[in-house]
């Protein structure tokens, strides 16, 4: 659809489809179609053209149905070889190559065209298609993709609609290329040996000249690829002048686009040795703990041992996936040499970028606008980037803010590209406290920067005015500029909405260049339909993007995560377009980095330990987990396909070989994997037009099997022929047989609320349903199929976002993550028992198990944190009096724990402050959010009591630096950790009082108990500071609840006192008789 042509809204279920045009705008006049004597091709909409004799080209001699020569030749070679109107088989015309089934011809005046496909400007499979004013040459590589496409729709192109109806250009080569796809069979003509070979043109002078020309071209090509195998050269190739430079460029272009940078062995080997030693020490430690119970405090001892065993298992699940950490390095210059050479059409893959937002009051439109602006200004060919914004709250505020953003982008994007600034989100660029004149050499930069800053400030004022206007909702609902009622006034009951703001025919920037396509999408919502929150919105974006642009790769970001590096897409393509990695890589995950966090990162918002240690460790196994944002996907992986694995990938790993020995027969899992690969190859076979099947087209012997294949695809992907056709375009781009006029209705259809019914969406395809943390589940399903993922961590962070620095918001965020993990733990997709028939590696499975079981650690953790207070109150302890031999185990255990942590910091580069903050928040979250998540998850799964999904507030600091850090917001999550703090403080006072009253001999055991209790309080210290706030004042409600719970607990303990026997109680009360 044309940009700025108006919003499209509708519902497939209600048979509604309307176009709401901007106020005062009239429908744009249609461009006059190119024609010759009124003849326009009814397949592609191009000129029919003329024949070799100068007459109008007539493809069908029976009905003269207007078809141009390129479409005629394509139908003969790749299609059904019949006229679309009368179904008469096409005959060969002079100048066209022969295809199988053509009648024998005695005349030999056209043998060149009869036997061979011409290159360059010739007509044939590498014909030139004139489209939108430019020539595009389809190579055999792109034809190889086309012949797999189901020809489900056809029609004439409508001016002003989606222009890229041809396969995306990154699969198109220039006409001078002699590239031939080896997977495409060469046309063969059967030669009758009884005839003279000269009659076929063989051994003639022309034939010999063609053979000589072919050999010369092959020799030239061999010279170009000679540098690929340097060991095969007899000596160094001495190239001088431009020829030598060209050879060097070709050699550089064939080098890998990335490489693995291993951790230095002197760091990694010592780290592994300490892990093994720690495991051995743990075995001796538990042997001592189990065989030496505390007789007078058996309950305390038993609880402590159970907790310690669980902590050890948790450590194993967390530690071993970090066994083989790696770093990666990309080469953007090699990517440019191979796919994006200057002066040549870019061969980079098309990418669709998804931005998701729900509530503009919690996710300010200005933040979303900055994210969109950073995407539109990215360093990537504009015709290869499309930005889709999902508004799942159907807010008119988001729509109007996006309209203002599109207008400001016309000025902002050329400014960014002209002066090469970073980052390209204006709010964060102008807020940088750096020397912005560094490395700037253009005298006009200062003046233009000052003018652009003023433009941005005016843009902010307009956005703020929209936000202020949205605070008061009219009683009759919102209305658009032309007086039409806003279709999304009811966020739970509204039609689907689509608006294209930028892109083709959407206007140019201030420098006269095109901008990337910007599309607003709000999926249909109706009562009685399950919408699956963010996962459902992302799946709707997959489908609508496949219909409109169909980028080969997808990148999703949250609305508050802007592009901090304009090279982010190129960084991802260094892996996705690498011949060795791309075919088996499902996604490239980038680390999350944040702005606006306090200097000391009180609540571990940066999560450095996870992103810089755990994720690097997973990258050395099967790849990092998907974290929900900043991730570039292979579209085929989201469609549920298996990866293209090599024989080496399918071989049993070295552990299996060493344990089981060599085997002559292939393992069952190996054969199953090969069978799945074969099934995937078969599923890529062409799917044909249903109408053609019904009419009995020649060449298909089993029509029923084709029909069943079509029904299987509809059951899998839904009933959208255009979308199904797009799934076969593995290199991206719109199927050439698609009618652009039908794209609007089809886009509305695929985002309708009932489209996913009785399909595999959310089960095997797209983002997987069943958890509020759909990211973990989606990545797990891909890894279980055998895909690998890549962790890309360039020196400059590619994405930055905002994090909740307020204590209550942070705990609510952690609660949502933990609740999602509990839901997965109690589902059929639990990594403990799911996916054993797939290709998921053992250590990768351990990492996923750790990801879903960590909330359960909150139960033993909170029990262990209360134990010090109980010991101080009862004058008991969890450990008996130990000898020097037993004390050695405790010393070695603590030493191994610290050694492991220090060595991790050494090879990862993480600071000790970040490590300590992570340890502190592990206790804070474990005693609050994780504990609540366990019980809420049980209620949701077992009792069906659902909890509300709350969007984390992303409002900016407007009252000063880190003002939000000191704001207190009441939540029940604060009660458990506050209770633990009060109990430990009370226990310390009671223990010290008891030691003072009992004399000197009580101080020795007291120190161990006090150290235990102080250790708990130190971990909860950031939480205590958060309770105090800026005024060092804790809310009364928290104090009352915590003291009440602590008092009740203490009184009950004194009353029950489970460690005193009935006889001792009787003695204490003076009730003992003579038999005592």
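Heads up, the Cβ atoms here are built off N, Cα and C, so glycines get one too.
Positions annotated as Zn(2+) 2 binding site by Swiss-Prot, on the basis of similarity to another entry: 60, 63, 83, 86. Taken from Swiss-Prot, the feature region 'Disordered' covers 119-179. Residues annotated as transmembrane segment in Swiss-Prot: 268-288, 297-317, 852-872, 885-905, 921-941, 972-992, 1004-1024, 1034-1054. As annotated by Swiss-Prot, Mn(2+) binding site applies to 534, 558, with the evidence given as similarity to another entry. Taken from Swiss-Prot, the feature N-linked glycosylation site applies to 948.
This view paints the features noted in Swiss-Prot onto the structure.
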| residue | record | DSSP class |
| --- | --- | --- |
| 60 | Zn(2+) 2 binding site | coil |
| 83 | Zn(2+) 2 binding site | coil |
| 534 | Mn(2+) binding site | helix |
| 558 | Mn(2+) binding site | strand |
Within 8 Å of the Cβ centroid of the Zn(2+) 2 site residues 60, 63, 83, 86, which other residues of the same chain have their Cβ? 59, 61, 62, 64, 65, 84, 85, 87, 88
Highest-contact recorded stretch vs the transmembrane segment (268-288), from 852-872, 885-905, 972-992, CB pairs under 8 Å: 885-905
Residue 534 (Mn(2+) binding site) has its Cβ surrounded, within 10 angstroms, by a count of other Cβ atoms equal to 22
Quick one: of 60, 63, 83, 86, which of the binding-site residues has the smallest count of other CB atoms within 10 A? 86
Should anything in the same chain at least six residues away from the transmembrane segment (297-317) have a Cβ under 8 Å from its Cβ atoms, list it; otherwise answer none. 279, 282, 286, 289-290, 846-847, 849-850, 853-854, 857, 860-861, 863-864, 867, 870-871, 874, 876-879, 1058-1059
Kindly say whether the transmembrane segment (1004-1024) and the transmembrane segment (852-872) touch, using the definition of 3 or more Cβ pairs under 8 Å where each pair is 6 or more positions apart. yes
Using Cα positions only, nearest of the binding-site residues to residue 558 (Mn(2+) binding site) (60, 63, 83, 86): 83
Using Cα positions only, nearest of the binding-site residues to residue 534 (Mn(2+) binding site) (60, 63, 83, 86): 83
Quickly jot the same-chain residues contacting the transmembrane segment (921-941) by Cβ under 8 Å, restricted to those at least six beyond its ends, or write none. 603-604, 811-812, 814-815, 818-819, 821-823, 825-827, 854-859, 861-862, 865, 947, 972-974, 976-977, 980, 1016, 1019-1020, 1022-1023
When you scan the chain for residues with a C-beta under 8 Å from the transmembrane segment (885-905), skipping those not six or more beyond its ends, what do you find? 267, 270-271, 274-275, 277-278, 281-282, 284-285, 288, 292, 319, 322, 613, 911-912, 915
Local Cβ density at residue 558 (Mn(2+) binding site) - other Cβ atoms counted within 10 Å: 24
